[in-house]
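Please read the structure below before turning to the comments.
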């Protein structure tokens, strides 16, 4: 009765070939796993970032004191909710990120002051009072004078809306939900005043 | 039994999510088929033509003068418009009709494009609502797939016409005015 294991039966050169073949199949399996994982992970991530939520760093002083209160040294990180703006529905007072109408590669983060149909008293725009046309809104930074906003380029088309900032997630001591709040002296004029 | 049902359901949900995400990426970054309606692009694109609009050149900022683009309407973000790009930022555009004696001009501001339909008599475009922000462009129309009769497929490549509206390339003027 002779029982030989495979290894004992092989010549040294055969054994090397066998090991190599094993490595090739293992490598192929890894490659297949990588490709299938790649085809799952990348579209899911891209869709998540495009449709649901997006994390962005806030740069610049235009939203002080609410965002970036310490100046340039520390940048806040906000969570942009993209699902809630899928139908372009925003409220007055929301903080939104918008593709800059001046530079399509840049996104700006501002506060919504007026929606379509509102009358707005402007701060340094060419007209003193403006009626927001259909499909547009009026956005301003909280830090007047240090912000490139609707006061320089006029009402912005709602189609440029990118996301609504819903949480400050960094720094951790200022972790909070962002609620819609209009600055006291800003906002649409009442209809009676017109 | 229950466990197997649960596993099957989870697998189905997972595949649905995966293919949904792949479809989203394809529509968002490669292109989509669009049915055009309305007379504003006649005779290039007539009512009910199906065209293919590719998204990549918009993401790479490679839209050029003469391209036909699909853009969100600036006054209703849920509506799309199909027009031809007549001028890029900094270009000088003639806004008066060809028959007018006194010509009026305007400059396209930074980050905007000037869109006009090919059917100038029956098109509401930048001549009525002014320049449109570049970021509202959704894609560039590159193929006409089905013609009006639905009788046969034509894959007509929509090239840029040589008959651009005579425009003055005011970019040097624009940059010197900015400096």
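The count begins at 1 with the first shown residue.
The backbone N, Cα and C atoms fix where each Cβ goes, and this holds for glycine too.
TrEMBL lists transmembrane segment at one of the ranges A:30-49, A:50-69, namely A:30-49. In terms of local Cβ density within 10 Å, A:110 ranks first among the active-site residues A:62, A:110. Across the domain 'Peptidase S26' (A:129-170), mean pLDDT in this model comes to 90.
Note: the domain 'Peptidase S26' (A:129-170) comprises 7 helix, 20 strand, 15 coil (DSSP; helix = H, G, I, strand = E, B).
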